[in-house]
């Protein structure tokens, strides 16, 4: 297992759509393991492959506070969603930045697991939000895209200052 470098906002990989995973092989399994290690070491609850520079449609998630319920989702998709709610969220690609995002409270998502089996998951609340956030990454959409212009511009301005200071 190896810890991977998380791409920060401004990296072109975050704005490119990921391609479907066509084969689940040892490379994908090892990458999933590395992504989980990276996510846990960064105190995250989700990590999408584009966030580590891999433009493939898969992500890892674990919203369990004890970090004992990892989910590896290959080619995930939202099947349905209901009851939108607004809540604060952040992102490992935006360390230290947060914003209120409107997402479905309840969703059904489909994905392929590491054994090649098609799965469906009914998710609520925090897990539902995390799934939507990670699947957005696969479509090159970031949480700041949901924010009002003034908030997004404020975050971008602060990031620009951090880059100038060498802190990004």
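Cβ coordinates come from backbone N, Cα and C, glycine included.
Sequence annotations record features per position, and here Swiss-Prot assigns Fe cation binding site to 91, 133, 137. As annotated by Swiss-Prot, active site applies to 134, with the evidence given as sequence analysis.
On the structure: features taken from Swiss-Prot.
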residue: 91; record: Fe cation binding site; Cβ contacts under 8 Å, 6 or more apart: 97, 133, 142, 143
residue: 134; record: active site; Cβ contacts under 8 Å, 6 or more apart: 46, 47, 48, 59, 61, 73, 76
residue: 137; record: Fe cation binding site; Cβ contacts under 8 Å, 6 or more apart: 14, 18, 48, 50, 51, 59
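Summary of the Fe cation site environment: with the site residues 91, 133, 137 set aside, the chain residues having Cβ atoms within 8 Å of the Cβ mean position are 46, 48, 51, 89, 92, 93, 134, 136, 142, 143.
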